[in-house]
Every structure is written in structure tokens, then in C-alpha cells.
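K.L.:
Per TrEMBL, active site is recorded for Arg330. Positions annotated as ATP binding site by TrEMBL: Lys154, Glu238, His273. Sequence annotations record features per position, and here TrEMBL assigns substrate binding site to Arg646, Thr911. Under the heading domain 'ATP-grasp', TrEMBL lists 158-355. The domain 'Pyruvate carboxyltransferase' annotation in TrEMBL covers 565-834. Annotation comment: TrEMBL describes Lys743 as N6-carboxylysine. As annotated by TrEMBL, N6-biotinyllysine applies to Lys1147.
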Amino acid sequence: MLLQVGGMRSALGLLAVRRACCLSRSNHTSPRTLEYKPIKKVMVANRGEIAIRVFRACTELGIRTVAVYSEQDTGQMHRQKADEAYLIGKGLPPVAAYLDIPDIIKVAKENDVDAIHPGYGFLSERSDFAQACADAGVRFIGPSPEVVRKMGDKVEARAIAIRAGVPVVPGTDGPVTCLSEAQEFSNTYGFPIIFKAAYGGGGRGMRVVKEYEELEENYQRAYSEALAAFGNGALFVEKFVERPRHIEVQILGDKYGNIIHLYERDCSIQRRHQKVVEMAPAVQLDPHLRDRLTADSVNLARQVGYENAGTVEFLVDKHGRHYFIEVNSRLQVEHTVTEQITDVDLVHAQLHVCEGRSLPELGLKQDKIRINGFAIQCRVTTEDPARGFQPDTGRLEVFRTGEGMGIRLDSASAFQGAVISPHYDSLLVKVIASGNDLPAAAAKMNRALAEFRVRGVKTNIPFLQNVLSNDQFLYGTVDTQFIDENQELFNLKPVQNRAQKLLHYLGHVMVNGPTTPIPVKAKPSSIDPVIPPIPLGEPPVGFREVLLREGPEGFAKAVRAHKGLLLMDTTFRDAHQSLLATRVRTHDLKQVAPFVAHNFSNLFSVENWGGATFDVAMRFLCECPWKRLQELRALLPNVPFQMLLRGANAVGYTNYPDNAVFKFCEVAKENGMDIFRVFDSLNYLPNLMLGMEAAGAAGGVVEASISYTGDVSDPMRQKYSLDYYLKLADELVRAGTHILNVKDMAGLLKPESSRMLIGALRDRFPDMPIHVHTHDTAGAGVAAMLACAEAGADIVDVAVDSMAGMTSQPSMGAIVACTKGTKFNTGLPSNSNVYDYSEYWEVARGLYAPFDCTATMKSGNADVYENEIPGGQYTNLHFQAHSMGLGHKFKEVKKSYTEANKLLGDLIKVTPSSKIVGDLAQFMVQNSLTRAEVEERADELSFPLSVVEFLQGHIGIPHGGFPEPFRSKVLKNMPRVEGRPGASLPAMDFQALEKQLRETHGDDITPEDVMSAAMYPKVFQEFKEFTHQFGPVDCLNTRLFLDGPKIAEEFEVELERGKTLHIKALALGDLNKAGQREVFFELNGALRSVLVKDTVAMKEMHFHPKALKDVRGQVGAPMPGKVVEVKVKQGQTVEKGQPLCVLTAMKMETVVNSPLSGTVVRIYVNADSSLEGDDLILEITE
């Protein structure tokens, strides 16, 4: 350590000696008329990366450095990079602080500053600042005040150029003082014209006007921007040269009249007249034109006696004619590319010239300046190209740069934890790439940008990568219209940001609890299930091979010809719907799927999709149901998949256009679905037929279902008699079903009724495969299914033992054991495999303890034969009763369910008809109403919407018709649906829907997404918003998903094969003023933190309201910023596109226009209001 310190001291000592020797040598070898005065201390009157750039150069030359900073910049890096740092502009707005000349001079004098470097922007081109420095005896590192004045005044600079023989664009002789002067110029020269700030550059105060109607608005905006950026709103007007190249020449002069150029830069790639990508030298520039440009630049500099660094800017039209634009009497942002190709340190040169040294003394002679290779600079900014390059603000949660050979980084205050404010420029870092030529430099730049990781704010990196890959760019044939004319540059590759989004999700759960509603206060088990051993190699051939080879008809014949009883496993869907509120995640299904593929290949099918699992996946599990189907298909390729299709309702609870049902089945089949179990909750044949046709047209196996209720063995209950079911079966077989299904949702089939119904169906349809589905609520499920098998059923439904019984299906292990050694042998392997399968689910079930029906229900109940409540609904009603404090009244709820069923005419109770009965039952309990009271007061009660819509005919016509006079009393004069509800709906326009989704969510919309949005528009919208905020949470294990990690817990998350995150939860911070808590993690060994809104705490704090995206009349702020002007009043009528208000952020103004025509009903902001993105500005009603 001592050696290192000694070495550092020695190095500093040598540096001082070198400067002293250099000083002595120059005094003796270079006769001069000016005194050489070394600089000992430099202040940079600027901020960000340019301040740091100058500090570094000063440190290399042994010069002490001083930073100044505003109150808003206390956390900025430039003040830490300097040897000393002082606050300026106390109490002033952010930009005004850096324009406070008296305070800057005062700080310089008080701290013995020899020279001030102005950087770029702010005061860098203000002659009064250069003069103030001279008056205070402080050197200004730049041209003399008089030259700064002449060059800063665009009109005078133009006159000087004319005297020097340099071509200029037609324009006003002086700054315009009013709109009428601009109108007069446009009348003379025509459009397009361009406004330019007379006292500054960088694109501020610059506006192109293409037609007369735009003139006034753009004049006002340009004036306002120039005033805000440079303290003077003066503008001049020029004829706008269309499609030019923007070429600029770097010049350097000393105090002795020596002027050289360092060749040109091409800055044609611009947006809003601000440079985005700069290159040196200009590609495909005619050598003669290069000579003219450089010669004109040097002549112009000599005309005014230019000293120090500067840039002469030109427009070059398509004919090769060049026009002088302006001189920037300062260092340019893009000076870096010139340094790279000439090996000249321009800041060193500035400092030495200011000290009084000559260019020849510095070895800077024109004949020695050579172009060496090629350089590109990209400005990485916090701007969102997808939203018109609107500035983004926020906290940098992650900041990692790209480095390596040929890459230079000039950064500002870009580091993890830095806050990007709306007060200043949006520049994060300048990336400079060097290579032998343009393609080589572009390749290095592309690679470096790909290595960047910036999280917490949007950046323009994806846009820059598109530019660098564009053929026109790589050929060097760009002009200033390049960005506007290449809209494919805005086809931005989405940034995945998966790791940081997952941290946000975990932090959200740690602060606010689970994102999915939890019915009971129970914690997920801390024990993860052990996956049973899985053999190597491919799984054995199963029934799906028959289906793929012989098609649906051949498959049905093979099923009927099969010896023994076939089983369908409902563990992957209906079992957990009944026991665990449909909450089982794909993560846990995927774990055990390969085991099922290898050990249960003889299954008829696995029921794993459709029904309630479709919307619940998005709504509560925050995962894509289609992705579940795709992933399970890949892991379980040999066993047919079966889904639940609600006839004309597809997988929804409403009516859809016919083409939507057909399209849904088509997409499901393409994604791996095999068998479509089609049912209708009322056994309404028109709805059933549509579902069957859709499934058949998609190429699926059609399994038409008879929804069962009542008791065919009870002669006293004849509404749903054996004859009713046989006639219904006749219709389904005649319609072409491949398999006939009996769907016993409430578990009402007793052994005797099973024998009667299945025996009659078998006698009627000897060649038709028969499949029976039931629930074990009463505990007689195994006996009933064995009776079905004896009566001729080919397939029965089971669930693995630990997921069977109660409101689920009968036990797989019990059926396998009971049929072993009989003609009904299931053909499944030994029970040991069933036990291993069951053990996995027994432990996995513990992860879902908050949803487990056993939290409130300890057993099944034979009273289901009376109330006829379907299995899944039985569980849900039990949960609801307990959550509402009615757990002790569940018996009363069940009784009301029975009464509600009778009120509605004794319905078949399957989703959604079962929900209608349940809604009416809860309505009766909550209002303490008996059946008689409901019937008597039916014309005055406010019934649940589901009940009203049922009576209107929205889900079809029930067997036996609607209950009268109850229906008429409820509906009164309300409209009624005649016939099949969906028949009159217009066809769905899927192309229009896809276009709308792409506009809202980007181009990564799939056909599956379109179907999700068609089925559940609002649920899909919320799901996409969730994934945009939190990413793909399906890679988290279930305990972390539901409960989040414990402090100090370490865990791994596999994003994809070969990409694993190592995460440790570290700490939870206190509540801040914004209602947030900072949550700390360690990610792959690096410290990360996220800010999470505490939703409970925020309810007690006041915040500006947000604009709701789905309410057209709510106008939100397109970006964070400050309101400059509100252009409308409450009650005013506005037209679509009319300006409503003006926002400013990062010195750029944006006009917010009306999205529709209407009346302003309320304004939520006023001038000087500070807004965050999407803050509500005003409301308009049409």
C-alpha cells in the first residue's frame, strides 16, 4: 500500500516537473508578444458529461478543478469529479441557476479560479458571460467576447460569412421582432421556412414551418423554447433547404492568428433538429467539396480573428452546393469523433491556447493533421422513440455499459440509483466507436450498445441499434430526412428487462402482499414437492399416436374397441378447479408432466385446459393460458389433451359471434388440443351444435356432453327423465359427435342411476364410445363409476388420490385397484406409480393452502343429492360464505340454493347456469328472503344481473321453458332474446382487433393473444399491463409467486434454459414521502433495489390523479414535465387535434392536443404544475 501511495506522489511530482520544464522551454524557444500564463485552477460553468470531460483533461495537465451545481444537482456526478464544488443559483429554477452570471463569477473570484470553461449550452455562447469573465480578471476558455458576440448573433455571423465569400441560405437580415415580420418573409420566399434561435443552438428554438396555418403556433413555440434555453427568445428566419446533409468543420485558432481545421463531421442523422448520431469523416464526400468546406471555414475564422475551438456548420444540398448555417463558438457535443480520427485532444488544446501557447508550439500544423480511420458517436438518452422521443424520467435501477476495444464512453451522472430529472438534457452517455471504416465502427458500436443494460427509464438504444443496422446508413447516403423517411427504424425490438421486472414483482408482494385475492388467511407451504424419477429417453407411445395416425373417427373406433376401462385424468384441470379454486399454476403442472408422459401413456386423455382455467390463468395467476397449453404439449406429447368448451360460449361466460367460436377452436387445435368436450349449461341444442361444428371444423375430436341433473332412478322426478336424456343423445349422435359424454357436474349419479342411464345409452348406441364425468361430493363416486363401467361406459374420469374426493373426481388409485384383475382393468402400471404421482400432488397442494377447500370444508356431504350444487361451485360457495361471515349459515345457503333452483324452474346447473342459481341464492340469504317472498315481490326486487339476463334468454332456453309468472314479473317490459343468443351477433373482425392490439401493446401480438382479447377483452388488457410492469412471473416457484421471499432468503429463478438468476432478499426500507418503500436485493452478486408503492399507505396520502387509458376523454401527460401554458378553459368546446396545453421537459416543449371533439368539463392543472407521466390534465366529454 505504501509503495502505491509513493508511486502516486511520484507520478504527480513528475507531472508538475514536466509542466514546469515545458513552461521554461517555451519561454526560451518561442518568441512571443503575449505573455504565457499557466492555468492553475479551472471552473466549468456547466454540468453533466461535458463538465466531467473538461475535469479529466485538467487533471491530466495537473490543473485543479472547480465544479458548480444547482440545488437540483446535488447528487450529480460532475460535482464529485471536481476537486472543489460550490452551489450556485440558490432558490432559482434548475436551468436559471446555470445562467446566473453574477453568482458564477462570485464563486470563481472567491475561490481563486484562473479560467472558466463554459462547456456547451447554457452560457457557452453568451458574449456577456465572456465579457463578465474578462472584467473579473478570469480567463474565458473560448473566443474573445467580441467574437462570441458576432458568432452568437446568427444574423451578424451571416453577414460576416457573406463578406468572407461563403455561400449562405436566404434569410432575414436580423432577428424578427414579431410574427408579422415572419409572415412577410414567408410571403417573399414561400414555404418551407425555419425559425432559429438567434442566441443558441442544439435544436432549441428551432421549428420548421411547412404551411401558413402552422406559422403562428410554431413562432410562439420557437420563441418560448429559445427564451427558456438561452435567456433570449430572439429568432431569425431562413428558407428551409430540403433533404440536405448537415456537415460541420472543426476549427482551432490561437492568439497569434494561426487557424487550422480538423476536417469535417457528418451530423445529418437528426430528429427535431437535434443530432442523434455523428460521424467523422463524412462518408462519400467529394474531395473537392471537402476542400471548399474546410477552406471556407478557415477563411471565415480568419475574418473575425477566431481563437480557441469552434465549429462552422453547413448544409449541403443534393447538388453538392454548400450553405453556411452558423458558427458554434464553443466545444461541440460531438467533438469526440474528431478527436478519435485526428488524435488531437481538443480540450487540452483549448486549455493550452487559453494559457497563451501557439498551435505550432503544440505541434498542431495543418499539414500534420491527418484523418485516421472512422468514428461514430451515439447519444444514449432517456427518450422513448416509440412515443415521439418523449423524455423519460425516473430512477436508474440498473446501469451497465458496453466497453471493449474501439469504444470510448463520455458519461454524465449515469449510475445505479441515479435519478433522471425532467429539468435538464436527457443525455445519459455518449458512446464513441472507432474502426477502419464505417462498417467496422458501426459493428463495434452495435456490439457495445447490445451490452448496455439500462433499467428504470426508457432509452433510445433500440432505435440506435436500428439505425446502425440500416443499409442506407451503412452506405453513408443519409441526409437530415433519414429518420423521418425510414419508419422501420421505429420497429423497436422490445427490451425484455425480465430480471428487474421480477424484482419489482417480488418487492411488490413483500410490501403489499399477494397479487391474487386470498380467500383465507393461510400461508403457502415452505416445502417444495419432489419430482418423481423420470426415465431417460422418449415416453412410450400412447393413444395420441392413434389419433394423429387415424384421425378423430379412427380414434373413436379404437377407443370403443379397447378392452378394459379407460381413464381420463382431471388432476391438471377440474380437480384443482374443484379443490383449489382453479389456482394451480403452470409451473407445478410442468414439473410433473414428464412423469405422467412416461408412466401413464395408457390414459385416454388428460384434461388440462378450457373452462374456468382460461380466464383464471390471466386474471389471477398472471400467466398466458396458451403458453400453458404449448408447454404442456411439449412435455406430454403422447397422451391426448382434452378441454372444456362451453358450446356457443367457447371458454367465456357470454355470447360470441359464431366466427369467434370457430376461430377459437382452430387456434386451440393448432396449439395442441385434441379432444373438445362440448357442453351447454342448459343442454340447449342450438348452442351445443355450434360448439360441435366449431370443434369438428378445427379437426378436433368432438365429445358432445349431456349435462346431467336430477335422478333417473327416482320415478317422482321426471322433468329430466331417462327418456329426456335418450332423446338428447339421439340429437347429438345424429349431429356427428365422435364420443358421447355424460357430464355429472354435481356428482348426482348413484350406482343405480348410473346403470340405468349408461345401460340405456349403450343399448341405443352400441358403437358409440361413452365417457362419464362426475364429482365425489357425496362420497359415492368410485361406486358410481364402477357401475358405469359395468353398464358399458368406455371412459370414466378420475383424479390422482391426493387431489381426489370431496368436490373433485373419484380416486385414480381406488379405480385402478378395484378394476385390477377384472375385464375392466385400466391398463395403468402398478399402483406404485400412482402413489408417486399422488405424493407429488400431496406436497404441491400445500403450496396452495390459501385456496384449499379443506381450510373451511372438512368433508363432502350427501346433501348434494338435494341441493345439486356442482363440485367447483360447492367449494366456492363455501369460501364465499366464510369470507362474508356466513360460515355458520352455510346450511342456510345450501337450502337457499335449492329454493333458488326451484324459482328458476329446476335448471341443469353447470357454468354459467349454476352461477345464476348461486347468485340468486346469495341474494336471498343477504336479504333474508324466502322463495314465497321472492315470487310475491318479483316485480319490485332488484335482482342480480345474471338472473335478469338469464330470464331475458341470454344463455339460451331451458328445458321446459322459463318459469312463469316469475319471468314476466321480473322482466316487465324488458327486451327478450329469441332463439340462439349468438346467432344475431355480427362477425368479429380479427384483423381490426389485431391492429388495435398492436397499437396498444406493440408488435409482439400473436394469434393466441388475439383470441384471448376476443374472449376476455378487459382481462387480457389487465394481463398485458401486468406483464409489462412485472414481466413473466410464471418462472417463479409458487411460494415466491404467492408470498414473496423472506428477508435473507436466497433462491434461484430460471428465466430460460442456461439463464438462471441468483437472488437474495436483503431488506425492506421505510416509507418515503412519495408513499414508496425501497426493497433491496442481491442479484447475481450485485446490489439491486426497487421502489415499491405501499398501496395501504398511499390511500392515506394525496396524489395527483392519473388518466385512465380506457376512458377516451381523460387526457394524461404524455411525459413528465412542467405545464407552460393551459390553452383552454373549463366549459370550452374543443375540436379533435386542438392544442390543450403546453408541457416542457428537458428544455423541450410539447403541445398536448385533444384526442376528440367535445367539451372541457374539468381542468386538473395550471401553469407551472409539475406532472408525472400519465397525470390527468383535463377531462373532455363528447
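Even glycines carry a Cβ here, placed using N, Cα and C.
Owing to the predicted nature of the structure, the values given are computational and were not obtained by experimental measurement.
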K.L.:
Average the pLDDT scores across the domain 'ATP-grasp' (158-355) and report the rounded value.
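P.N.:
A mean pLDDT of 92 is what the predicted model shows over the domain 'ATP-grasp' (158-355).
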K.L.:
Measuring CA to CA, name the entry from the recorded positions Lys154, Glu238, His273, Arg330 that ends up nearest the residue listed as 'N6-carboxylysine'.
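P.N.:
So, spelling it out, the nearest of the recorded positions is His273.
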K.L.:
Looking only at Lys154, Glu238, His273, which the record lists for ATP, tell me the maximum pairwise CA distance in angstrom.
P.N.:
16
K.L.:
Around Lys154 (ATP binding site), which residues of its chain at least 6 apart sit with Cβ under 8 Å of its Cβ?
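P.N.:
In sequence order, the residues whose Cβ lies under 8 Å from that of Lys154 (ATP binding site) (at least 6 apart) are Pro175, Lys196, Ala197, Ala198, Phe236, Glu326.
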K.L.:
So among Glu238, His273, Arg330, all listed as recorded positions, which is physically nearest to Arg646 (substrate binding site)? Use the C-alpha atoms.
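P.N.:
The smallest Cα gap between Arg646 (substrate binding site) and any of the recorded positions is with His273.
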K.L.:
Work through the binding-site residues one by one (Glu238, His273, Thr911) and name whichever has its CA nearest to the CA of Arg330 (active site).
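P.N.:
Of the binding-site residues Glu238, His273, Thr911, His273 has its Cα closest to that of Arg330 (active site).
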K.L.:
In sequence order, which residues at least six apart in the same chain have a CB under 8 Å from the CB of Thr911 (substrate binding site)?
P.N.:
Gly611, Ala612, Arg646, Tyr653, Ser681, Pro870, Gly872, Gln873
K.L.:
For the recorded positions listed here, His273, Lys743, which shows the highest count of neighbouring CB atoms within 10 A?
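P.N.:
Of the recorded positions His273, Lys743, the most buried by Cβ count within 10 Å is Lys743.
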K.L.:
Using a 10 Å radius around its CB, how many other CB atoms surround Glu238 (ATP binding site)?
P.N.:
22
K.L.:
Enter the number of other CB atoms within 10 angstroms of the CB of Arg646 (substrate binding site).
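P.N.:
Summing over all protein chains shown, Arg646 (substrate binding site) has 26 other Cβ atoms within 10 Å.
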K.L.:
Give me the count of other Cβ atoms within 10 A of the Cβ belonging to the residue listed as 'active site'.
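P.N.:
Step by step: centre on the Cβ of the residue listed as 'active site', count other Cβ atoms within 10 Å, giving 28.
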K.L.:
Near the ATP site, what residues other than Lys154, Glu238, His273 in the same chain have a C-beta no further than 8 Å from the centroid of the listed C-beta atoms?
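P.N.:
The surrounding set, listed in chain order, is Gly171, Ile194, Phe195, Lys196, Ala197, Met206, Phe236, Ile325, Glu326.
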